[in-house]
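The ATP binding site annotation in Swiss-Prot covers K12, V13, S14, G15, G55, R59, N163, Y169, D172. Residues or ranges marked as UMP binding site by Swiss-Prot on the basis of sequence analysis: G54, D74, T135, G136, N137, P138, Y139, F140, S141, T142. According to Swiss-Prot, the feature region 'Involved in allosteric activation by GTP' maps to 20-25, an assignment based on sequence analysis.
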Amino acid sequence: MTNTKYKRIVLKVSGEALAGEQGFGINPEIVKVVANEIKSVHDLGVQIAIVCGGGNIWRGVTGEQMGMERAQADYMGMMATVMNALALQDNLESIGVPTRVQTSIEMRQIAEPYIRRKAVRHLEKGRVVIFAGGTGNPYFSTDTTAALRAAEIDADVILMAKNNVDGVYSADPNTDPSAVKFDTLTHLDIINKGLQVMDSTASTLSMDNDIPLVVFNLNEADNIKKVVEGANIGTTIEGEE
């Protein structure tokens, strides 16, 4: 392994990032680019776990707004994350990266069930592991899944790969010209200031387990690799003080 800052990472890839500018569904070209970015990090010997969102296909809160029972709508969202995971797995394996998908809801014909010890073993053997299906429970986001899985597999960091967002700002930079980008924050800052990085459950879980986060722009070439190697890009969130 080369000298990287992080040895085992959880990469959170939002569904929106896989949709690209089309805004819905899976953009094949975007998935190819993301897969190649992941391969460049895998080639460094870094152990990579990925959590896929599903917002490019379905969101539980959308279903609830339509009058659906929230739990039912959330389960649909979990299925969406599996579709994204399978697309990413296919692209990674096509470029020579051994990849396993583990789902929190069993569907053995297409993926392994989530087993923590097996996931860690895959990582130790140099395989990428994609966690799909969220936590397997309604009312929990895929951000919370990322925090939970990072704690379970003892990851060094959670990389929050955003779609055309290069860090955390004091306000929306697209609408507020006075918005200031933060280079560093604490988990408590995120919670107390209500900054839109991840939901409060995920933030609290990350803080309680002392897991740092790096929020960065997925759309800039080599950014995942740069973060892993310790480059000062995006916003780093860690600690309580």
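Every residue, even glycine, has its Cβ placed from backbone N, Cα and C.
Taking the binding-site residues T135, N137 in turn, the residue surrounded by the fewest other Cβ atoms inside 10 Å of its Cβ turns out to be N137. For the recorded site, K12 (ATP binding site), the DSSP three-state label reads strand. Comparing the Cα of Y139 (UMP binding site) with the Cα of every entry in K12, S14, G55, N163, D172, these being the binding-site residues, the smallest distance points to G55. A Cβ distance under 8 Å defines the sequence-distant neighbours of the region 'Involved in allosteric activation by GTP' (20-25), meaning residues of its chain 6+ beyond its ends; these are 56-57, 163. Each residue in the region 'Involved in allosteric activation by GTP' (20-25) gets a DSSP state, and the totals come to 3 helix, 0 strand, 3 coil. For the binding-site residues listed here (S14, S141, N163), the lowest count of other CB atoms within 10 A around the CB belongs to N163. Of all Cβ atoms in the shown protein chains, 26 besides its own fall within 10 Å of the Cβ of G54 (UMP binding site). Summarising the environment of K12 (ATP binding site), the number of other Cβ atoms within 10 Å of its Cβ, over all protein chains shown, is 29. Each of the binding-site residues G55, Y139, D172 was scored by the number of other CB atoms within 10 Å of its CB, and the largest score is that of G55. For the binding site of UMP, formed by G54, D74, T135, G136, N137, P138, Y139, F140, S141, T142 according to the record, the largest Cα to Cα distance is 15 Å, rounded to a whole number. A straight line from the CA of K12 (ATP binding site) to the CA of G54 (UMP binding site) spans 11 Å. In this model, the region 'Involved in allosteric activation by GTP' (20-25) carries an average pLDDT of 89.
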